[in-house]
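Asks: Sharing a structure below in structure tokens format, with a few things to ask.
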Amino acid sequence: MTALKNDRFLRALLKQPVDVTPVWMMRQAGRYLPEYRASRAKAGDFMSLCMNPQFACEVTLQPLDRYPLDAAILFSDILTIPDAMGLGLYFETGEGPRFKKVISTPADIEALPVPDPQKDLGYVMDAVSTIRRELNGRVPLIGFSGSPWTLATYMVEGGSSKDFRKTKAMAYDNPQALHLLLDKLAQSVTSYLNGQILAGAQAVQIFDTWGGNLSAAAYQEFSLAYMRKIVSGLIREHEGRKVPVILFTKNGGLWLESIAEAGADALGLDWTCEIGDARRRVGDKVALQGNMDPTVLYAKPEAIRKEVARILASYGHGTGHVFNLGHGITPEVDPEHAGAFINAVHELSAQYHQ
């Protein structure tokens with residue numbers, strides 16, 4: 001494979017020296033970009049965009065052609081695994097993701113297969129290898145998956161949920177059934193991420209979008225335990241380089257110490273944490289990624305720059321910080337504001353790496 005021309009993202013995750021703080025954005029290939037909207041219209045719908053490696057590659061590279069980002073992230077969806085388990089993923093306009101089949105009994109869970117990354121999710125592996133080839137060493141490629149808990153909520157609720165009542169009822173009424181489901185999902189996520197690494201992903205992130213909705217005890221039992229299991233089963237070195245692992249639990253700021261013990265190289269932070277405080281708590285163990293409130297991008301470029309400066313100052317000197325938003329960039333953001341954000345990170349962070 002081609003040597004990396006810009007490896008500061010990987011270096012920061014491994015707490016090695018960098019010249020400036022690296023930056024990328026969750027959902028950087030997304031609806032805020034007119035070129036993404038054009039590609040999506042051409043593909044027909046969101047799933048066709050995900051399932052066609054050429055389209056997935058095209059939209060992954062769009063933000064990199066526009067901005068000096070330090071990483072690319074595979075364009076896909078966290079729900080590819082449940083779809084490959086036979087649940088029938090589809091998208092309702094205005095409703096988000098739905099499943100044709102819902103998991104409600106132990107028998108449903110027993111019947112679920114563990115997908116084979118090559119056979120059942122080959123389109124994702126093809127997308128990874130295509131993107132990696134097209135990147136030609138420009139920046140590293142991030143692979144990703146949803147966490148077992150987050151995937152389980154969609155599978156049991158049948159789609160998005162405000163209160164996760166069915167999944168939480170299962171956690172308390174029938175924990176053995178939920179553990180069986182989470183165990184199958186942990187196996188599936190491990191092989192899925194390892195497949196992505198072998199196909200060319202140079203770092204991986206686990207998105208635990210709904211872990212922060214659990215109580216502290218339930219988070220340990222139903223979310224963190226399974227992420228720890230995945231991390232211990234991942235390929236950590238490939239092509240002569242370490243493959244860093246990032247864990248991101250949205251609203252998980254109260255539990256950073258426990259998450260930092262899970263074996264990952266870095267923790268993602270949402271915007272409710274103060275990054276300087278997070279560094280004092282766990283910065284000796286892990287790198288940190290984040291954590292500007294995505295809605296700051298609706299403000300004027302000068303205000304965006306000011307908030308970037310504040311977060312950089314809060315983190316302080318030295319490596320171990322990858323700048324990102326605290327969650328995905330939203331569709332209505334002006335692309336110029338995203339550009340102002342990225343430029344501000346590079347321009348204002350150099351002083352912290354001298």
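Note that Cβ sites are derived from N, Cα and C of the backbone, with glycine treated the same way.
Found this in Swiss-Prot, in case it helps:
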- R27, Q28, A29, G30, R31, F46, D77, Y154, T209, H327: substrate binding site (BINDING)
- D77: site 'Transition state stabilizer' (SITE)
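What's the neighbourhood like for each of these?
Replies: Of all the Cβ atoms in the protein chains shown, 18 others lie within 10 Å of the Cβ of D77 (substrate binding site).
Reduced to three states, the DSSP call for D77 (substrate binding site) is coil.
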Asks: Which residue among the binding-site residues R27, R31 has the fewest other Cβ atoms within 10 Å of its Cβ, if you could check?
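Replies: Among the binding-site residues R27, R31, the sparsest Cβ neighbourhood within 10 Å belongs to R31.
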Asks: Once the chains shown are all counted, how many other Cβ atoms turn up within 10 Å of the Cβ of T209 (substrate binding site)?
Replies: 21
Asks: Sorted by position, what residues of the same chain at least six away from A29 (substrate binding site) have a C-beta under 8 A from it?
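Replies: Sequence-distant Cβ neighbours: Y36, V59, T60, Q62, P63, I73, F75.
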